[in-house]
Amino acid sequence: MDLLSLSSGLLYTAFVIYLIAFVFFAATIKDKQQEKQFTLMNKIAISTTILGFIAQVGYFITRWMASGHAPVSNMFEFVTFFGMMLVLAFTILYFIYRIELLGLFALPVALLIIGYASMYPKEVSPLVPSLKSHWLYIHVTTVALGEAILAVSFVAGIIYLIHQINQSKTTVKTTWLEIIMYAICATLGFVIITTIFSSMDYNATFSYAVDEEEMTLEYQLPAWFGPENGELVTDDKMDAVFTTPGWMHGAEAPRKLNTLVWSLTAGLLLYLILRISLRKRIAAAIQPLLKKANPELLDEACYRAVAIGFPVFTLGGLIFAAIWAQEAWNRYWGWDPKEVWALITFFFYAIFLHLRLSRGWHGEKSAWLAAIGFAIIMFNLIVVNLVLAGLHSYA
Amino acid sequence: MSIIKCSTCGHQNKEGTTICEKCGKPLDYDQQGTLLNMRYDGSAIRSKTKNRSIVDKIWNFFSSIKVGVSLIAIALIASALGTIYPQKMYIPQNIDPALHYRDQYGLSGQIFYQLGFHNLYNSWWYMVLIALIGISIFIVSIDRGVPLYKALKNQAIKRHPNFLKRQKLFGEYKDYNEEDKTDFINKLKKHRYKITENDGHFLAEKGRFSRWGPYVNHLGLIIFLLGTLFRFIPFMYVDDFVWVREGETAVIPSTNQQYYIKNEEFIFETYGNDDEDAIFEAALQNTSGPVPKHFETSAIIYEDVSKDVIGSEPELKEINSGEIIVNEALKINDLALYQDSYQLNEFQTMSFKLHEADDEEEAAIAEFTVDLTDPESEYEFDNGYRVELNRFYPEYELDNGQPRSISNYPRNPGFVFFVHGPDIEEREASFLAIGQNIPSGDNQYKLSLTDFGVRDVSGLTVRKDLTLPIIGLGAFIFMIGVIQGMYWQHRRVWIHQGEDRIYIACHTNKNWYGLTKELEKVIDGTSFTMVQDQEKNNDT
Ligand code: HEM
């Protein structure tokens, strides 16, 4: 068996083991409400998690050996690595605070992230000259670790919020919680829909003209939104229902919009199914499961994750990034969207820390901030790469 | 300034002090019954006490956390706005930005441009914003750092019982013996607490240095920001660019004609030509063009040693040579040359022949070669013919039917030739470019392209940045400061010997969980019970 298939086998194994670990963590909910007690089930759950992590490290090393460069150079590789760092960050925080509930939420988030990553092309991609630097590995791995530790603060924060927010009536807060739940559903929806259609090898090609030049665009999902003046050239496939609005730019905009609408719709469907079968808000349905949560401890873990993650992120996302940019592009800072969003992340967590330290933003306020911080990180990871950065990549 | 006199020990405290500097008695009488506010150890903060003169008002403005956080929040939002569309430096440079934003992004693009967001990060107001944050960091650090330093340096070991009673972690013990006390203190020692004693009262302390973390990191930020300002001092910063053709020696700009660079060879490789690239095959199939794998300029650097003789020919002495590769610059003193861009196969020469227009064989009457970097205006031949180069367009383009050149680089040369000869009455004009040969009217003679020579052009950035050490230092200090402040905590345990009991109180500036864990270990095995978390007791 060649290295590359061994590598993807290991990743798949890691995914399955994480799934199993999640089930074990779910089983700890039933444990008697004894704080600080380390039950057998806890040990099994965390050991399984570590086993999964080792498998994923195996994926990482074998892929590195196969490709000759650290596998952090395209969307699939980077997002997968981010998922792996999230498991690592969770494990660290778990050993500090021994909060099993963290596993109950961190693992699904990691699973979703790895699932999301695997929707991108998985081929080993060649490095363009500017990426050929040790600083690439150093920079990207530290950023991913820093962001992952910060993401654990979101995990702690969301448990805190679900536990603390009064679910007896609809309020702005319960609505925002449901929006977060829906965002998770939409990500899951994206993974499910993409998997279904790619297993069917769905492909519909549209041709359209730009400045009298013939262009084609391939869809892997049935097209609701086609390119302007596009014509379906594949037989027996669904023709586009709508035309992509003209203000959306970029050759791939119609396909991206189509994927987005599919994900949001699938997410909505998932959300509604859950909501109707549960007969209450999703967060309200989860709340009783969190009986043994200790809000003060969660609040502290949420803050601690930021305290640990902020220096790591700054080092990787700003300082190492600047050193590398100086070497590769002779400017340590260039106001590229990716850089700006790293700065925004930095500003945001600086605000988080100052508000907490000086204005007493503890507990719920702090937890909401952690959720916003995670949204910013995800924005930088996904939207900036796919939308903003795409605008000035002249390719 | 008014003075607050401590009712217990009589010490005269500065206005604004909430905990007596000498005996530690809480002076915030209105707050009794609540936990003590331990920020800055209750010392007087300038911005909280003085508010009379205009200086005070400015000082207070900048040392307000509310203001500081708001400034950062505004910078955050502004930064985000600038990423909606590409910045000016990322759009094609040969188009008017006003048109570009309008044509590419419509109305919203126009608004983006009109508001100046296309050059947001270099705008005066963005810089002012960052400068205000810098000022705020500077002032706040003095405002709080100095009193905090003094308070911790002079802190009393013996604190008033009320001080201990109003700490979050507190215990009061009546039945104990001296041994337990020594035991407890020894165990604290084992946990690397520094113990000081005064009259049977103890203070155990560790990690005080972490309290300076914020001030160290703020100092780093200030150095960093100052470093970026130094860029505006001319000799500190050079940013230039030079195109050098293969075989050509060019003066390096911004060096006062002192240094020259010769491009010996430009090497360009793409993926897919090597066995080891097989692994990338699948990925390469999905890309539209060839993917660059490696490019470098093999260069020689010369110094002009013809000292100060004005107008003399430069006398070049080789001082350095090597490859300029993307992640590896070539350095001359402070100056670094970076591989930036390239232009492959630029035309260097073009050869033509003159023949009779109706000659099927196209037998040459005359032949000549135009050096595109330095074209001659006339080419004369022994047989009496003469070709005049009337117009030369290095990169030609038709603009409303009129030829013009869009750059000075011979990427798509176009020529207007006049042919003169013994049997030509006046002259015959023709226009030539790649794939084009347009005579003006009925020409008897015709010019044809026979050959051309190409070479690569390497684009090098010339950069000097003496601000880098300052900026690097700032970043380094910043990192030390955040790590110092975030990964360590300042923990203190006070043991107050009362008349018939002892009081134990504990404080940490963060990570209470860690402190509680540690105290559990310390207290375990002594006869003391665990200190109580008074915040929790209040809740329930
Ligand atoms: C982007 C800029 C800034 C960064 C990265 C930054 C960073 C930090 C960090 C990491 C801490 C320690 C927080 C903790 O221990 O939880 C801190 C503390 C602090 N910062 Fe900043 N800061 C910035 C700007 C400001 C500004 C503008 C102000 C002014 C109003 C300010 C005032 C303070 C204060 C008062 C403290 C607490 C000091 C103490 O309690 O001893 N900071 N800062």
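Every residue, even glycine, has its Cβ placed from backbone N, Cα and C.
Curation does not apply to TrEMBL; its annotations are automatic.
Summarising the annotation, TrEMBL assigns transmembrane segment to A:6-28 (among others).
Look at TrEMBL and you will find A:40-66 (among others) tagged as transmembrane segment.
Marked as domain 'Cytochrome c assembly protein' by TrEMBL: A:73-194 (among others).
Beyond its flanks by at least six residues, the transmembrane segment (A:78-96) meets 11, 14, 18, 46, 49-50, 52-53, 56-57, 59-60, 71-72, 102-103, 106-107, 109-111, 113-114, 116-118, 120, 140-141, 144-145, 147-149, 151-152, 155-156, 301, 304-305, 308-309, 381 of its own chain at Cβ-Cβ distances under 8 Å. Summarising the annotation, TrEMBL assigns transmembrane segment to A:78-96 (among others).
Taken from TrEMBL, the feature transmembrane segment applies to A:101-120 (among others).
Sequence-distant neighbours of the transmembrane segment (A:135-163) (same chain, 6+ residues past either end, Cβ-Cβ under 8 Å): 69-70, 72-73, 78, 81-82, 85-86, 88-90, 92-93, 99, 101-102, 104-106, 109, 127, 173, 177, 180, 283, 286-287, 290, 293, 295, 298-299, 301-306, 308-317, 320-321, 323-324, 327-328, 342, 345, 349, 363-364, 366-371, 373-374, 377, 381. Taken from TrEMBL, the feature transmembrane segment covers A:135-163 (among others).
What TrEMBL records for A:175-197 (among others) is transmembrane segment. Taking Cβ pairs closer than 8 Å, the transmembrane segment (A:175-197) reaches residues 109, 112, 115-116, 119, 158, 161-162, 165, 220-222, 259, 262-271, 274, 281-283, 368, 371 in its own chain, all 6 or more past its ends.
The transmembrane segment annotation in TrEMBL covers A:257-274 (among others).
According to TrEMBL, the feature domain 'Cytochrome c assembly protein' maps to A:291-392 (among others).
Among the features that TrEMBL reports, transmembrane segment is placed at A:301-325 (among others). Within the same chain, residues 89, 92-93, 96-97, 99, 102, 133, 135-136, 138-150, 152-153, 156-157, 160, 331-334, 339, 342-343, 345-346, 349-350, 352-353, 356, 362, 366-367, 370, 373 sit at least 6 positions outside the transmembrane segment (A:301-325) and bring their C-beta atoms closer than 8 Å to a C-beta of that stretch.
What TrEMBL records for A:340-357 (among others) is transmembrane segment.
Per TrEMBL, transmembrane segment is recorded for A:369-391 (among others).
Residue counts for the domain 'Cytochrome c assembly protein' (A:291-392) under DSSP (helix as H, G, I; strand as E, B; rest coil) come to 88 helix, 0 strand, 14 coil. Along the domain 'Cytochrome c assembly protein' (A:73-194), the predicted structure has mean pLDDT 90.
For the domain 'Cytochrome c assembly protein' (A:73-194), residue counts in helix, strand and coil come to 98 helix, 0 strand, 24 coil, using DSSP.
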